[in-house]
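These features come from TrEMBL:
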TRANSMEM  27-50  transmembrane segment
DOMAIN    43-295  domain 'G-protein coupled receptors family 1 profile'
TRANSMEM  62-80  transmembrane segment
TRANSMEM  100-122  transmembrane segment
TRANSMEM  143-165  transmembrane segment
TRANSMEM  205-228  transmembrane segment
TRANSMEM  240-258  transmembrane segment
TRANSMEM  278-297  transmembrane segment
Amino acid sequence: MLTFHNVCLVPSSFQLTGIPGLESLHIWLSIPFGSMYLVAVVGNITILAVVRVERSLHQPMYFFLCMLAIIDLVLSTSTMPKLLGIFWFGAGDIGLDACLAQMFLIHCFATVESGIFLAMAFDRYVAICDPLHHTTVLTHTMVGSLGLAALLRGILYIGPLPLMIRLRLPFYKARVISHSYCEHMAVVTLACGDSRINNVYGLSIGFLVLILDSMAIAASYVMIFRAVMGLATPEARLKTLGTCGSHICAILIFYVPIAVSSLIHRFGHQVPPPIHTLLANFYLLIPPILNPIVYAVRTKQIRERFLQVLKIETKIR
C-alpha cells in the first residue's frame, strides 16, 4: 500500500467493518443472518428443483420465477458468506479487485432482478389482456430473450461503476469501509479525487432502474385492472386478479426495501450508521427469503410438490 502526500493511500485491499457500531454484537448477529441466508438458499434451490421436475410449471411465469431464484442466490451469496466471516472470524479484509467484483455483482443483479419483474409484468399483461395470443407471444424463445435482455442491461448499466472507480479514483483517504460489503457510495466516499461523475452516474442508474421500471410495471397493472374490471362477474375478477397476487407481493418485497434504504442513505443523515448498514443488508436478504415463500403459498403446484417431497422424506426416516 503506497501513501500519497501523507494523506491519500493507494490501497491493495480494504477493511470491511461489518455492522459499524455493533461490533460487540457480531457473534450474536451471525445467528439471525446465518439463519436467514440458509432459508434463502434452501428456498430458492427448492423452487428451481420443483419447477424443473413439475412439467405443469413449464410456463413463462415460472421460468421467470426460476430466473428470480438464481438472481436471489447470487445476491445473497455475494454478500452473506463474507459478512458471516466478519462476524465469526473478524475476516474483514478484502482485496481491491474482489471489492469491485462484489460491487458489480450486487448492483448488476439487483438491476437484472428489476428487469425480470418488468418482464413478469409484461407476461401478466399479455395473459390477462390478450389471453388468446399469450402462448404465441410468450414462447420459450421470447422468455429466454427477455431474461437475456435483463442480464445485458444490468451489465451495461453497472459495468462502468467499478471501471470508473478503478481508472478515475486510485487514491483513498482510508482503507476502512464502514459497511458490511463494498457498496458503491461507501467506496466512493473514501476517494480523494473528484467523485462527482461517479455520484451522478450512480444516481442516474438508480433513477433509470428504480423509477422507470416501477412506472412501467405500474402502467402495465393499470391496463390489467382496467381489463379485469370489464369482466362480467365478481368471481371472475377475483380469480383473474389472483393470478397476479404473487407477482404484486414479490414486486413490493423487492422495491419497498430498496426505496426505503435509498431514501435513508441519501437524506437520512440523522439515522445512526448501524441502521443504514442493517437496512442495506436486509434489502439483499428479504427478497431471497420471501419470494420462495410467497410463490410456494400462492401456487398450488409448488405447494403440493413441496409437501409431497416432505412426505417422502418422512416415510424414508
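Quick reminder: no glycine exception, Cβ is built from N, Cα and C everywhere.
TrEMBL does not curate its annotations; it predicts them automatically.
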Leading stretch by Cβ pairs under 8 Å, where the reference is the transmembrane segment (27-50) and the options are 62-80, 143-165, 205-228, 240-258, 278-297:
278-297
Could you pull out which residues elsewhere in the chain have a CB under 8 Å from any CB of the transmembrane segment (205-228), counting only those six or more residues past its ends?
107, 110-111, 114-115, 117-118, 121-122, 124-125, 128-129, 157-158, 161, 237, 240-241, 244, 248, 251, 255, 258-259, 262
Count the CB pairs under 8 A between the transmembrane segment (143-165) and each of 62-80, 100-122, 240-258, then give me the winner.
100-122
If I take every residue in the domain 'G-protein coupled receptors family 1 profile' (43-295) and average their pLDDT values, what number comes out?
90
